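Copied over from TrEMBL, here are the features:
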{"type": "DOMAIN", "residues": "18-211", "note": "domain 'Major facilitator superfamily (MFS) profile'"}
{"type": "TRANSMEM", "residues": "15-36", "note": "transmembrane segment"}
{"type": "TRANSMEM", "residues": "56-76", "note": "transmembrane segment"}
{"type": "TRANSMEM", "residues": "83-101", "note": "transmembrane segment"}
{"type": "TRANSMEM", "residues": "113-131", "note": "transmembrane segment"}
{"type": "TRANSMEM", "residues": "143-164", "note": "transmembrane segment"}
{"type": "TRANSMEM", "residues": "170-189", "note": "transmembrane segment"}
Amino acid sequence: MKQTQQAEKPRTHPAWLIIISLSIPMFMASLDNLVVTNALPVIRADLGATLEELTWTVNAYTLTFASCILMSSALADRFGRRSVFLLGVFIFTASSAWCGISDNIGALITARTLQGIGGSAVMPLSLALLSTSVPERLRATAIGIWGGVAGLGVALGPLIGGAVVEGMNWHAIFWINVPFGLLCIPWYGPRSRNPAVAPNRLIFLGWPSWG
């Protein structure tokens with residue numbers, strides 16, 4: 001059985017479509033790092049949360065986001081980047097909807113935790129897929145756009161969160177993720193898996209030390 005990995009050929013989809021479909025989930029994942037900061041006083045008043053509970057609406061996302069990145073990358077080697085990326089987008093989108101319907105602080109923190117897990121697959125795999133899906137002559141430009149979009153998401157998070165809360169309801173800061181996530185789920189990138197890694201050999205014992 002050959003163990004060599006076949007070179008991935010970029011799909012024939014337009015480069016701009018690939019860049020957009022991979023950058024939008026990254027923008028959402030970056031945005032949600034700080035999007036709740038300006039909404040915390042409103043959330044506290046609405047849900048009757050304590051200050052400690054409010055901090056976990058932020059920390060639950062950032063901690064799971066950071067600690068699960070390596071696990072997401074390892075799963076991508078076993079099951080394919082595209083599959084794990086789409087799973088991450090689905091988890092992020094579904095948990096965003098859960099955040100939007102949360103009526104108690106416990107549900108919101110749990111949903112934010114799942115958002116972080118989904119985001120941890122979106123960030124590294126969107127870049128990996130971008131590198132293999134865009135023609136080489138456009139790769140540097142595509143990665144530059146991806147990086148700019150990620151930074152823009154972090155910078156605009158508090159601003160967008162505050163503006164949405166002022167004009168609507170704090171639940172809306174999470175609902176804005178849902179339509180964009182649904183648009184990006186049917187993404188047609190190349191399937192990729194490292195054949196040297198057996199799909200049935202998952203080692204999670206050392207995962208807590210990865211982050």
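Keep in mind that glycine also has a Cβ here, set from the backbone N, Cα and C atoms.
Note that the coordinates shown come from a computational prediction; the quantities given were computed from them, not determined experimentally.
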Quick one: do the transmembrane segment (83-101) and the transmembrane segment (170-189) have at least 3 Cβ pairs under 8 Å, skipping pairs fewer than 6 apart in sequence? yes
Long-range environment of the transmembrane segment (170-189) - Cβ separation under 8 angstroms, sequence gap at least 6: 11, 13, 18, 21-22, 24-25, 28, 31-32, 35-36, 39, 42-43, 46, 81-82, 85-86, 89-90, 92-93, 96-97, 99-102, 129, 132-133, 160-161, 164
